[in-house]
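K.L.:
Pasting the relevant annotations from TrEMBL:
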TRANSMEM  B:6-24  transmembrane segment
TRANSMEM  B:36-55  transmembrane segment
TRANSMEM  B:67-86  transmembrane segment
TRANSMEM  B:114-133  transmembrane segment
TRANSMEM  B:166-182  transmembrane segment
TRANSMEM  B:194-221  transmembrane segment
TRANSMEM  B:249-266  transmembrane segment
TRANSMEM  B:287-312  transmembrane segment
TRANSMEM  B:332-363  transmembrane segment
TRANSMEM  B:384-407  transmembrane segment
TRANSMEM  B:413-435  transmembrane segment
TRANSMEM  B:447-469  transmembrane segment
COILED    B:647-688  coiled coil
DOMAIN    B:688-907  domain 'Histidine kinase'
Amino acid sequence: MSPQSVLVVDDEPNIVLSLEFLMKQAGFDVRVARDGDSALEAVRQQPPQVILLDVMLPRRDGYEVCQTIRANPEWRDVRILMLTAKGRQIEREKGLAMGADDYITKPFSTREVVERVRAYMPQGET
Amino acid sequence: MNTAMVAGVSLVYLLAMFAIAFWGDRRSGREGGIMQSPYVYALSIAVYCTSWTFYGSVGLAAEQGVHYLPIYLGPTLMAALWWIVLRKMVRISKINRITSIADFIASRHGKRPLLGGLVAAIALVGLVPYIALQLKAVSITFSVMVDHPVAADALVGNGAFYTDEAFYAALILAIFAILFGTRHVDASEHHSGMVAAIAFESLVKLVAFLLAGAVITFVLFSGPADLFDQAADHARLAQLFHMGSPGDYGHWIALTLVSMVAILALPRQFQVAVVENVRERHVRDAAWLFPLYLFAINLFVLPIAFAGVLLLEDSGIHPDTYVLALPLSRDWTALALVVFLGGLSAATAMIVETVALATMLGNDLIMPALLRLRWLRLDRRTDLTRLVLRIRRAAILGVILLGYVYIRATGDSLALVGMGLVSFCAVAQFAPALLGGIFWKGATRQGALAGMAAGFTVWAYTLFLPTLAHAGWVPGSFVADGPLGLAWLRPHALFGLEGLAPVTHALVWSMLVNLGAYVGVSLLSQQDAIERIQASLFVDVFRLSAGRYGISRFWRGSATVDDLFDLLRRFIGEARARRAFDEYARRHGVDLSRTRDADAELVHLCERLLAGSVGTASARVLVSNVAQGEVVSLDEVMEILDEASQVIAYSQKLEAKSRELEAATRELRAANAQLQQLDRMKDDFIATVTHELRTPLTSIRSFTEILHDHPDLDPERRQAFLGIIISESERLTRLINQVLDLAKLESGAMRWYPESWDLKRILQDAAEATGQLFANKGVRLDLELPAGPVPYNTDRDRLMQVIINLLSNAVKFAPEGTGRVRLRLVQEADVLRVEVEDNGPGIPEAEAPHLFQKFRQVGDVLTDRPPGTGLGLVICRRIVEHLGGRIWVDPRPGEGARFAFTLPREASPAGGEGVSKGAG
């Protein structure tokens with residue numbers, strides 16, 4: 001198991017593509033999911049250290065995915081970074097309330113995303 | 001039957017009534033005492049049914065048929081008006097502590113003793129015959145019981161008074177009245193014991209009469225049918241079934257009217273219905289209970305009368321005694337005793353009458369007179385409560401003895417009914433002042449005085465004097481030829497009005513004169529300040545609450561607390577006076593022992609308390625002796641009353657305003673809710689647009705930064721990333737254009753360029769424009785178009801936009817490789833229909849209705865959301881609707897969706913305009 005793995009969850013193929021590229025460049029092990037169900041499936045197979053989770057997902061939205069992960073104590077070490085194109089304060093608060101660790105608004109600075117993900121990676125194992 | 005037995009039973013019965021009265025007084029203090037029951041109230045009003053009803057109705061029915069009925073018809077009619085009339089009288093009396101009808105009329109007209117005195121005097125003169133009637137009934141029936149059979153002419157007392165049963169009956173009833181009618185010095189307080197006894201006697205007389213009627217009808221005869229058949233065969237009785245001459249109708253109406261008034265104006269009725277009332281809502285219950293009672297007690301009147309005529313006519317027995325004579329003739333002693341007791345009960349109505357009369361005489365005639373006599377030095381006496389009670393008790397004794405003297409003097413000159421009607425006509429003289437007083441503010445004291453005096457004079461002349469003449473006290477020629485032989489002054493045919501029964505005749509003249517004088521003088525005379533106030537307080541009793549607009553507002557004089565207390569103490573007793581002052585002090589939070597000057601309210605309170613004991617007129621005199629200064633001037637009274645009515649009018653206006661405001665608030669609330677919803681929708685729209693804009697922007701920024709930060713990227717990747725940037729930029733542009741389109745369509749700012757086109761051509765062009773999309777995905781597009789051109793006047797570009805949008809959607813959902821899309825143009829009678837059909841998954845039924853709303857995309861259930869802005873179909877709908885058509889979807893889940901829209905055959909009206917309002 002790679003100690004530094006990232007799960008990218010988004011339904012926009014181009015955004016997934018860019019995030020995948022960025023995470024790989026940063027040296028993380030990257031997996032991808034296009035909707036809520038497959039995201040949870042991926043976590044179940046192997047919990048990543050960090051999840052980049054879009055809010056607006058087909059089938060099961062980001063809040064629900066976040067809640068489900070937080071409900072399982074085995075996954076409490078998984079860091080969740082929410083991504084959203086809806087920039088309202090209420091959504092930000094809702095995400096944090098659901099157990100997200102951080103919240104990034106689209107469009108984001110690529111450098112910032114990488115730094116944030118790195119910051120949430122468990123220290124000392126890099 | 002022997003005398004001792006009848007006397008003994010009577011005595012036992014009267015003692016029972018004493019016991020009930022005693023018990024009633026004992027229980028009055030508690031909550032839920034017998035006065036709390038509407039049935040007791042209704043039964044006490046049945047004091048209306050006296051010996052006259054019990055014996056006299058049968059007598060009258062035997063002689064004149066149904067003529068006994070109006071006496072019960074009138075009260076029944078009046079009962080329907082009780083909620084309006086009687087309730088008002090009750091409310092006024094409670095507020096003003098009215099003790100009698102004399103007090104009521106005097107209080108309404110400015111509390112002057114003269115008017116109350118006149119009412120008391122009329123009542124005394126008018127009702128002595130009535131009381132005499134009751135005594136006579138007791139004595140006659142006693143004789144009948146003892147000496148049956150007895151002839152009609154041998155009835156009334158010829159012996160010395162101490163051998164006369166009527167005398168002893170009078171004494172016992174006087175004792176009863178004194179014991180239970182003068183228990184409190186405050187006559188406006190309730191006499192629970194007396195009311196209990198009266199309710200009891202009402203029950204006894206009803207049961208006794210019903211029992212006698214039932215036995216006579218069903219035992220002496222075989223039911224009503226048999227009895228009436230026999231009566232119909234009897235020559236004289238048969239005639240009674242018919243109404244007589246037209247004059248009879250007049251008589252009917254007159255009797256009905258006079259008894260309508262009597263049920264309110266008879267002093268005993270005023271006593272039980274107004275003074276003794278404890279709950280206003282009892283009036284409503286009594287309004288149907290009392291008529292029911294009247295109905296029940298009249299049920300057997302005709303049967304008993306007919307039975308009496310059929311069986312006893314030849315024996316010379318007086319018809320008034322039939323109800324008693326019939327059982328006696330069969331030796332049914334027990335039944336006869338029950339009937340006798342029923343009759344005795346009916347006669348006890350006199351007790352209430354006497355108490356009411358005595359209160360009136362004491363408060364409105366004797367007390368004011370005594371107060372005027374300075375040499376009595378009443379104002380120096382320390383305790384006057386006993387004097388007040390003594391006067392009242394003496395009055396009771398006096399009234400009853402007067403009644404006794406009256407029967408001794410007039411003998412058997414009149415039948416029971418005749419005597420009763422004379423009294424009814426007398427009290428009818430109160431009606432104009434009584435009823436006018438509570439409904440007409442303009443009525444004045446002078447008017448009331450003039451009306452009653454005139455009416456009473458006519459009554460005395462046309463009814464009372466003739467009864468005296470009949471008894472031999474006045475020469476008989478007075479009635480037959482008129483005084484001094486003046487024929488036009490004959491009492492029974494005044495001014496040549498002949499052909500009427502004496503009672504009707506008297507009623508017509510007295511009421512005419514009474515009403516005429518009352519209205520005429522009222523209109524010509526002026527009210528003074530107090531009267532103006534009282535008129536308003538009486539007429540507007542339900543509108544002006546006594547607390548706010550009570551007389552204290554009109555009082556400006558000053559009195560010392562000590563003087564007032566002293567006055568009160570002397571008339572209502574130290575203890576009650578102390579209680580009243582303590583209560584006042586507690587309620588107003590003042591210490592009266594340290595206060596020297598009484599305020600207007602305390603002065604008014606004293607006046608009200610005194611009024612309960614000595615009547616309103618005397619109370620006014622007493623208080624004005626102690627208090628310096630007078631009420632405010634008439635002008636000021638008018639001002640205050642106007643102000644009061646202005647306040648009422650203003651508050652009504654306020655009410656209307658607040659209703660309007662409420663309505664406006666409701667509308668505003670609805671509008672606000674709608675606005676809030678619109679606002680939420682706008683908010684959602686903006687959030688969605690933002691989201692839709694940020695998504696391509698995110699890709700563009702990301703890849704731009706990646707390219708910027710990684711200059712050493714391999715060319716292939718570099719090319720791919722740049723391609724993404726370009727396509728996402730296009731997506732962004734498309735979205736912005738669509739949002740702008742939609743905004744233009746919705747605001748009506750879209751420019752339209754209608755021209756004549758071939759519709760088939762437009763469809764072909766659209767197919768061509770999307771050709772690359774189909775080729776890329778390997779989807780086949782079939783066109784089903786008419787052979788010839790389809791000329792149509794429309795905006796080509798907008799129509800193209802719709803069709804291209806539908807085709808792009810179709811290709812998006814069609815399966816790759818095996819996909820098939822059909823574009824069809826169908827010409828119908830009045831519309832052209834364009835259809836776009838694919839063989840994709842179709843649309844879930846639930847989604848279909850939302851499809852044409854903003855940012856509603858089918859595909860949330862799919863792993864891959866189809867690229868698109870979610871605005872395309874909304875724009876299509878706007879355009880089609882603008883062109884006068886309709887767009888819809890046939891979802892066909894599993895088979896592939898079919899979108900269709902219509903265009904009107906005739907170019908749409910909107911198609912001809914340059915700029916027009918959008919469809920929304």
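Using the three backbone atoms N, Cα and C, a Cβ is placed for every residue, glycine included.
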K.L.:
Mind checking which residues of the chain, 6+ beyond the ends of the transmembrane segment (B:67-86), have their Cβ under 8 Å from one of its Cβ atoms?
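P.N.:
The answer is 48, 52-53, 56-57, 60-61, 248, 251-253, 255-264, 273-274, 283-284, 286-288, 290-291, 294-295, 298, 301, 417, 420, 435, 438.
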K.L.:
Of the listed stretches (B:166-182, B:194-221, B:249-266, B:384-407, B:447-469), which one yields the highest count of Cβ-Cβ distances below 8 Å with the transmembrane segment (B:114-133)?
P.N.:
B:384-407
K.L.:
For the transmembrane segment (B:287-312), what are the same-chain contacts with Cβ under 8 Å, counting residues 6+ beyond its ends?
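P.N.:
Residues packing against the transmembrane segment (B:287-312) from afar: 38-39, 42-43, 45-46, 48-49, 53, 57-59, 61-62, 66, 68-69, 72, 75-76, 79-80, 82-83, 202, 205-206, 209-210, 212-214, 216-217, 220-221, 224, 227-228, 230-231, 234, 236-237, 319, 322-323, 325-326, 329.
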K.L.:
Taking B:6-24, B:166-182, B:194-221, B:249-266, B:384-407 as candidates, which has the most Cβ pairs under 8 Å with the transmembrane segment (B:332-363)?
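P.N.:
Top-ranked stretch among B:6-24, B:166-182, B:194-221, B:249-266, B:384-407: B:194-221.
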K.L.:
Under an 8 Å Cβ to Cβ limit, what residues of the same chain, 6 or more beyond the ends of the transmembrane segment (B:384-407), are close to it?
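P.N.:
Non-local partners: 124, 127-132, 134-136, 139, 156-157, 161, 166-167, 170-171, 173-174, 177-178, 181-182, 185, 187, 350, 354-355, 357-359, 361-362, 366-367, 370, 378, 570-573, 613-614.
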K.L.:
Counting only residues 6 or more past its boundaries, what in the same chain has a CB within less than 8 Å of a CB in the transmembrane segment (B:166-182)?
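P.N.:
Distant Cβ neighbours of the transmembrane segment (B:166-182) are 11, 14, 17-18, 21, 25, 135-136, 138-139, 142, 157, 191, 193-194, 197, 347-348, 350-352, 354-355, 358, 389, 392-393, 396-397, 400-401, 403-404, 407.
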K.L.:
For the coiled coil (B:647-688), would you mind checking the mean pLDDT of the predicted model?
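P.N.:
That stretch averages a pLDDT of 82.
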